[in-house]
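S.K.: Below is one structure. I have some questions about it.
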Amino acid sequence: MIRREIPKGRVQSFSQVIDKVSEIAQRVRERGDTALRELTLELDGIKLDSLVLDKDYIDGRASELGDEMREAIDRVWVQLTSFHEIMRPPNVGGGNGKIKYGVIWTALNRVGIYVPGGKKTYPSTLMMAGIPARVAGVSELFVSTPVRNRLDPAIAYIAQKLKVKAIYPVGGAQAIVAMAFGTESVSKVDKIIGPGNIYVQAAKYLVSGEVGIDGIEGPTELVVIADDSSDPKRIALDLMAQGEHGSSSLLVLISDSERILDEVSKLLNEGNEYFLVKVKSLDEAIDIANEIAPEHLSLYSSRAREYLSKVKNSAAVTLGDTPPALIDYAAGPDHILPTNGWSRFRGGITVFDFLKPISHVDAEKADENLIRAAMKIAEYEGFSIHARSIGVRYE
Ligand SMILES: NC(=O)c1ccc[n+]([C@@H]2O[C@H](COP(=O)([O-])OP(=O)(O)OC[C@H]3O[C@@H](n4cnc5c(N)ncnc54)[C@H](O)[C@@H]3O)[C@@H](O)[C@H]2O)c1
Ligand SMILES: N[C@H](CO)Cc1c[nH]c[nH+]1
Ligand SMILES: [Zn+2]
């Protein structure tokens, strides 16, 4: 369906599903593995034997992957690793006056990766989460993903390459709650990373007091800004490509050219909602895109580089004729990207999602003025023992 207007929001919101997700969470917390089995039967129609896939089974499935797919994964692996390695921060140290301080970037211990698998399987997403985790140096990786019939051989192969500790054949909100709190079979993790549908994202939000989460990465979003020099067939392809994820995708074309809007509208398929917006200038288009704060933004213009500096809210920008779907698979930057307006305050997954800065201070000697200042503020706050504990060191 084509709508000639600016979208008012997202197709789905947490408020529509939060009651159901809370009920799922309660069941998993109270009854652990039994609830996971029941929910997987109710919601996915799958009767689970084991909640942890056997290593020999995973190896067997990986060995069924064809050579061409194996080579494609190996090639993309190098490209993604190169991007994430340039993002890795160094430990820093310095000092001011007599105090020495610094930061040690420390990798997380246990990370749970959610790999979506409702409508399609997403081996690419396992790479997008697992590679930066490995570059950061995470100790243990666990994977949860819905498994229809048999485990996807590409997921099995990537899991082998990542040396994951366990794969749980569980999808949906129940998988997130299980990794957040642990069950008899599922290990409790320190942080959960991964995209998924509204149920999965609402569950991450719900458990975020107990476990780290990477943000909200729900149904895919693409805003294309196109001028008259762009190719309508390619724009339509880019929009329909992100529509392949499902009817909840947010798909928007903004242009100053009525001809482009008209030609693209004739090429779009059924099954998704497309928003087509006519503007007077590309500056106005950028303002609208910044307001929408989409996940993907395509600057399909011969002046794309010029407009890039005006983009304030989007997690992944493709320039000129670059296909947004290349980021989904192979360009280098991650395809796990914030949706639902979260690109106003965070970007896609990087090694920083798997690292935490531990700061350290060595102040055996310290400047007298600074000590007096610290004591003054402590006393001002009414923390006299704080003040004394400092003062006693430097008398
Ligand atoms: N933003 C990103 O970075 C990014 C990346 C990749 C994929 N995605 C998005 O991930 C999503 C994948 O969605 P999906 O549905 O195919 O797979 P999914 O794995 O996210 O969800 C499937 C699970 O949802 C649960 N579920 C389905 N219907 C339910 C209901 N009525 N009540 C409770 N639970 C229910 C089931 O347990 C099922 O296992 C797509 O929207 C895609 O756009 C986003
Ligand atoms: N478009 C999704 C992220 O927005 C990523 C993806 C995975 N596979 C295909 N596409
Ligand atoms: Zn995609």
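The backbone N, Cα and C atoms fix where each Cβ goes, glycine too.
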S.K.: Starting from the substrate binding annotation in TrEMBL that includes Thr220, Gln242, His245, His296, Glu381, His386, which of Asp190, Asp321, Asp328, Asp353 is the extra site residue?
M.R.: Asp328
S.K.: Which binding-site residues out of Gln174, Thr220, His386 lie by ligand 2, going by a Cβ under 6 Å?
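M.R.: Near the molecule: Thr220.
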S.K.: What subset of the binding-site residues Tyr114, His245, Glu381, His386 lies within 10 angstroms of Glu295 (active site, proton acceptor), using C-alpha positions?
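M.R.: Among Tyr114, His245, Glu381, His386, not one has a Cα sitting within 10 Å of that of Glu295 (active site, proton acceptor).
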S.K.: Out of the recorded positions I have (Asn197, Glu295, His296, Asp328), which ones have their Cβ sitting under 6 Å from ligand 3?
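M.R.: Among Asn197, Glu295, His296, Asp328, near ligand 3: Asp328.
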S.K.: Let me know how many other Cβ atoms fall within 10 Å of the Cβ of Glu381 (substrate binding site).
M.R.: 10
